[in-house]
Amino acid sequence: MSESSHVGLWNRCLEIIRDNVPESTYKTWFVPIVPLKYEDKTLIVQVPSQFFYEFLEDKFVDLLRKTLYKVIGDGTKLMYNVLVDKSSGATVNQESTTRSTAIPQSGLPRVDERKAPGLLRAPAVQDLDPHLNPNYNFETFIEGYSNKLSRSVAEAVAENPAKTVFNPLFLHGASGVGKTHLANAIGTRIKELYPDKRVLYVSAHLFQVQYTDSVRNNTTNDFINFYQTIDVLIIDDIQEFAGVTKTQNTFFHIFNHLHQNGKQLILTSDRAPVLLQGMEERLLTRFKWGMVAELEKPTVELRKNILRNKIHRDGLQFPSEVIDYIAENVNESVRDLEGIVISIMAHSTIYNKEIDLDLAQRIVRKVVRCETKAVTIDDIINVVCKHFDLESSAIHTKSRKREVVQARQVAMYLAKTHTDFSTSKIGKFIGNKDHATVLHACKTVKGQCEVDKGFRSDLENIETLLKKRNVSNGER
């Protein structure tokens, strides 16, 4: 068929769909769909992301099927061309089903994850599933001040595995800061650059399960031999080995063999080696042989960039004030940020709500642990002045003392971030300053955060105290 034919068919489908869904739903989920081809009773359309595809199949598959049958005829199939990498234009085809949530597979044979890998008898490289998540790559890992060092080291390891001083590479940080993503990204890049290398990603928990099974089945030697054939071993959540003596002993021998034979080890943990309790000293010593790199909690600006990236990759659109609100109020985990995006889209579609600040606030309140009362400028002034060891009245004076000026600027920045007051109002309430002074203060504080880790830490501590103060006030 000609291009006009498949475009025309889809446009007729859109007319029916538009009459059966709210306008906001139509614009969000159907306008971005691009018809590509119609042949053999199959309409092929392109959607902007895997998330987009899964959401359509979950919420609108019946509507799509009935519409296709009405416009084209019974038995018409719908095939999705999912855009998985916008920069390269890479796509993967997915067939519509009644309730499909399929995810693109690597094409490699998979094995029972509980089965001890030693029973595989060291399969050939092309038969070894590295168990990497292809969505966790360097292209989708958003860089900021809090993870810049870790990312740089990770890329160096990926470019030259076991050829740098970063062996082992020990990545640590709180839950949800990107350790698993970065570890997978290393493995994925290595497989791209060195397809003959045997790369394996495994969680510490799964490693323990496999080891226990090998003991039960009297195949421990096979288990150890298998792991000693790996060129790049990635173990996630290594802290789970704590207190498990036999597993630690076995891993110790595997570690030694790999390291002595020029193989790369990448380990992740929720804490630094020095804080790992219940771990043998000889292992802790080896964890520190190479590079220990921390991924800190993402800053507000990084959280905004992570949100923008996810929203763009998923082919969605959020108002900037919604992105800012989410980033400023959800600071525990990147996974929380991504979960909120999905929740907002679901609520918007199911309840026919516009994606606006009100909807975002209602969703975020369900995720954030404690709903706090509104922050006031007086709260901000009191907490800031206490931190700088100043009287609250000092902030309203014309003093040019360094600590007073800095306290005033921090208070203005926090007022801009945590209240709905205009910059003019903020200036009036804090030192009777003008709009331009407040803007300058905000710019100064942001700039100092980017270059001064100590200052950034102080600011985060002040924000934490501010939130605690208002939680306690709200509970009285």
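A Cβ is built for glycine as well, from the same backbone N, Cα and C atoms used for every other residue.
The DSSP secondary structure for Thr180 (ATP binding site) is helix. Residues annotated as ATP binding site in Swiss-Prot: Gly176, Gly178, Lys179, Thr180.
Residues or ranges marked as region 'Domain I, interacts with DnaA modulators' in Swiss-Prot (evidence: sequence analysis): 1-87. Mean pLDDT of the predicted structure over the region 'Domain I, interacts with DnaA modulators' (1-87): 85.
Feature annotation from Swiss-Prot assigns region 'Domain II' to 87-130.
Marked as region 'Domain III, AAA+ region' by Swiss-Prot: 131-348.
Residues annotated as region 'Domain IV, binds dsDNA' in Swiss-Prot: 349-476.
Taken residue by residue, the region 'Domain I, interacts with DnaA modulators' (1-87) breaks down under DSSP into 44 helix, 21 strand, 22 coil. The binding-site residues in question are Gly176, Gly178, Lys179, and the one with the fewest Cβ neighbours inside 10 Å is Gly176.
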